[in-house]
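The next block holds one structure in the form of structure tokens; read it before the comments.
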Amino acid sequence: MAAATLGEVPTKAFDTILTLDFGSQYTHLITRRMRELNILSEMLPCTTKIADLDYKPKGVILSGGPYSVYEDGAPHVDPAVFELGVPILGICYGMQEIAWRASPENVIAGVHREYGHSNLKALKGDDAHVDRLFAGLEDSMRVWMSHGDKLGALPEGFHTVAVSDNSEYAAIAHKTKPIYGLQFHPEVTHSQNGTQLLKNFAVDICGCAQNWTMARFLDQEIARIRDLVGPEGQVLGAVSGGVDSTVAAKLMKEAIGDRFWAVLVNNGVMRLDECEQVERDLKQHLGINLTVIDASKDFLEGLKGLHDPEQKRKFIGGKFIDVFEAEAQKIEEAAAKSGKGTKIGFFLQGTLYPDVIESLSFKGPSATIKTHHNVGGLPERMTNGQGLQLIEPLRSLYKDEVRELGRTLGIHEELVMRHPFPGPGIAVRILGEVTEEKVRIARQADHIFISEIRKAGLYDQISQAYAAVDPSRAVGVMGDKRVYGYIIILRAVTTTDFMTAEAFNFPWDFLQRVMNRIVNEVNGVCRVTYDITSKPPGTIELE
Ligand code: GLN
């Protein structure tokens, strides 16, 4: 059993659109679009029992999905959703599900599959109820489709509201109830006016208030944390200097002050001056009660002789837990004596919504749905064994919302917009064995690269950038002397979701400037290369 997780999607405090996921790769875009409209949307698996909900959504969206509704084993929604008395919008599979529920013969395999753009024509009539979904939109628009099945007949009680080149029932609406279906995907940006259409549904039809803002979230989250932790409780958490742990830590600071104890472990593979920088940011800029542990020697010692990426990652992860646990003990003792409150009862974790969705999402009729476990954090013995309860205040937020929350908390822009940095640090940016010399080289080269990126004003256009060290060496000539030096690999990518990525297209003179500085300023390097591999097949990090 996982430890109790304290941090729910705040569906009780905000008008919420419930998105039931049938496994489409676009489902999370529905919740994102809603949040861009300042409406909270929660995504749950399509098999969710409506009776298990502890709140009443203002509306329900049934997502797309890879199955055919008429197949054996295809997923179906709890029929109680139609008894909730709130508006329902089915998208693609979701619409097919609505039609199939009315009568299974309504859904058939289409002769022509329809993938990509399609021209939609809205049939606005004199039925005000039906027209609400397309209110304010052009009658003709380009939409994006991805389906093989279609409605062969209109379910009873429904109107056709739009047609496309290949679908007679591209959009349907019930004549009297607020139930709608779309064959296309309004949530993808390729669908013209898609967001407006979702807004028509959520705001005009469901009556959602557009009040999901980080300022409001912050107020209610602070109140919730205070309530949860109580006037005496204390909370422990690890910070790395990354956006998520910094925002979570600052939020705790605002909620419970110094009863939140942050711990930064210097693992010896952080970037140039990074540990000092993080200490300055968290302590001075943000006023967080921070303890820094310098375990760099132990880490570097233990990394000796490890060449395999997995072994390196495992060692760093395991060592981190050992160091953290030992320190947690000391902090617990200090906290107990501090007179600030009772002993530490909670452990802070910066879990984000995509991690939660990933562990909840619908994986198919045969696959069991994973229950949420503690993602990306400490082992259960820290929480279960020591009786600490997990507290996850960012659990309902996407990355851009976390950044916005950071701004709302007054965290400076440079920190809020920081590129992600891997837990095992530059150890995975040094191919093969990590040595002190290679750490120095990686740090200096990375520092030059990132400073030049900032100077050129390119930092925010790039999603992640770094310099890595290739341990095989190449021959060069420096000052008429033959040298034998390491090869630096520069990597910079753009991506929206880190699932796919492309190399950033630097101006040639920029790359030359960086190369020039690195070979001149970093001792032991005689070549610089730029990695242009996309993801896939490459990954963003090298190991
Ligand atoms: N699998 C269904 C079809 O092919 C639904 C597709 C979807 O929801 N995008 O029609």
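Each Cβ is built from the backbone N, Cα and C atoms, and glycine gets one as well.
For reference, TrEMBL has these:
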DOMAIN    212-418  domain 'GMPS ATP-PPase'
BINDING   SER240, GLY241, GLY242, VAL243, ASP244, SER245, THR246  ATP binding site
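Positions of TrEMBL features highlighted on the structure.
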residue	record	Cβ neighbours (10 Å)
SER240	ATP binding site	20
GLY241	ATP binding site	19
GLY242	ATP binding site	17
VAL243	ATP binding site	24
ASP244	ATP binding site	21
SER245	ATP binding site	21
THR246	ATP binding site	27
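Looking only at the domain 'GMPS ATP-PPase' (212-418), the predicted model's pLDDT averages out at 87.
Each of VAL239, VAL247, ALA248, GLY350, ARG418 belongs to the same chain as SER240, GLY241, GLY242, VAL243, ASP244, SER245, THR246, is absent from that list, and has a C-beta within 8 angstroms of the C-beta centroid marking the ATP site.
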